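Here's the structure we're looking at; comments come further down.
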Amino acid sequence: MKNVLSIQSHVIYGHAGNSAAVFPMQRLGVNVWPLNTVQLSNHMQYGHWAGSAIDAAKMEQLVDGIAAIGALKRCDAVLSGFLGSPAQARAAVEIVRTVKATNPNAWYFCDPAMGQTGGIRPEPGVEEFIVAELPELADGMAPNHGELQKLAGQRIETVAEAVEACRSIIRRGPRLILVKHLHDRNSPADRFNMLVVTETEAWIGQRPLYAFPRHPVGVGDLTSAIFVARRLRGDSVRAAFEHTLAAVHAVVKATYDARRYELELVAAQDEIAQPSEWFGAWVTGAD
């Protein structure tokens with residue numbers, strides 16, 4: 001069974017960061033080692049919260065502890081999400097390097113949380129660090145539309161421009177870019193677009209967009225987690241993308257139908273594993 005070290009925020013109540021990522025990856029048959037960068041009572045969109053961030057040095061100490069018992073060599077991938085400070089971002093880089101030195105076959109998937117995540121904003125300097133340092137280290141990245149624009153340093157209004165932006169990042173290091181939410185001026189307003197791009201291929205997929213009174217937090221974290229888990233299980237890029245598109249839709253639909261604010265992960269767990277409704281991806285902008 002594959003193992004992933006997941007470095008993200010955590011909420012006790014609800015689903016954001018590792019609280020949105022761990023269970024879906026486990027349900028897909030992947031062992032998850034959660035390292036929580038922030039521990040909060042709930043995500044901050046509620047307007048009240050309690051909690052704090054973990055010290056960056058302790059992040060490295062925790063991973064050193066795993067190495068000390070000889071288990072780090074079994075880590076197959078690292079997934080990073082919210083990094084609250086430049087010190088945490090630097091610690092994450094050192095952790096990834098340690099994992100890759102211990103297991104040269106391990107890979108790193110970066111969800112570059114640069115904006116508000118569950119109401120949390122990273123400290124000044126985190127965005128600049130992510131843009132400057134992480135593409136060279138990452139094997140894959142999962143930005144949303146705004147994060148893609150920041151990483152590529154360009155405005156994006158069409159799918160063709162998004163593919164071009166992804167390729168510019170790929171030239172810096174990653175093998176693939178998963179765009180978790182793509183705004184395309186040519187797409188219907190009731191569709192949610194996702195895109196995945198490699199050096200030579202690109203696929204786009206659409207799912208229904210639901211009109212929530214308050215949009216649930218953690219959908220992006222869920223998206224990255226499912227994609228990573230399917231890749232660890234051996235899916236091709238396209239197969240992992242299509243499964244992710246379908247499984248995330250199932251969770252979002254279950255949440256909408258139940259009129260809930262928090263993601264219905266447990267209720268939709270069978271759909272995460274085996275979605276009943278699929279949305280095929282089609283080739284776009286391929287060389």
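Keep in mind that glycine also has a Cβ here, set from the backbone N, Cα and C atoms.
Annotated features, as they stand in Swiss-Prot:
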type    : residues                       : note
BINDING : Ser9, Met44, Gln45, Asp221     : substrate binding site
BINDING : Asp111, Ala142, Glu147, Lys180 : ATP binding site
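Between the candidate binding-site residues, Ser9, Gln45, the densest Cβ environment within 10 Å is the one around Ser9.
The binding-site residues considered are Met44, Ala142; of these, Met44 has the fewest other C-beta atoms within 10 angstroms of its C-beta. Cα of Ala142 (ATP binding site) to Cα of Gln45 (substrate binding site): a distance of 23 Å. Gln45 (substrate binding site) and Glu147 (ATP binding site) have their C-alpha atoms 20 Å apart, to the nearest angstrom. Cα proximity to Asp111 (ATP binding site) (within 10 Å) is found for the following binding-site residues from Ser9, Met44, Asp221: Asp221. Highest local Cβ density among the binding-site residues Lys180, Asp221 belongs to Asp221, counted as other Cβ atoms within 10 Å over all protein chains shown. Taking the binding-site residues Asp111, Glu147 in turn and counting surrounding C-beta atoms within 10 angstroms, the largest count is reached at Asp111. For the recorded site, Glu147 (ATP binding site), the DSSP three-state label reads helix. Taking the centroid of the Cβ atoms of Asp111, Ala142, Glu147, Lys180 as the ATP site, the other same-chain residues with Cβ within 8 Å of it are Pro112, Ala113, Met141, Pro143, Asn144, Leu178, Val179, Gly220, Thr223, Ser224.
On the backbone, the CA of Met44 (substrate binding site) and the CA of Glu147 (ATP binding site) stand 21 Å apart. The two recorded residues, Lys180 (ATP binding site) and Asp221 (substrate binding site), have Cα atoms 9 Å apart.
Residues Asp111, Ala142, Glu147, Lys180 are listed as the ATP binders, and the farthest two of them sit 10 Å apart at their Cα atoms.
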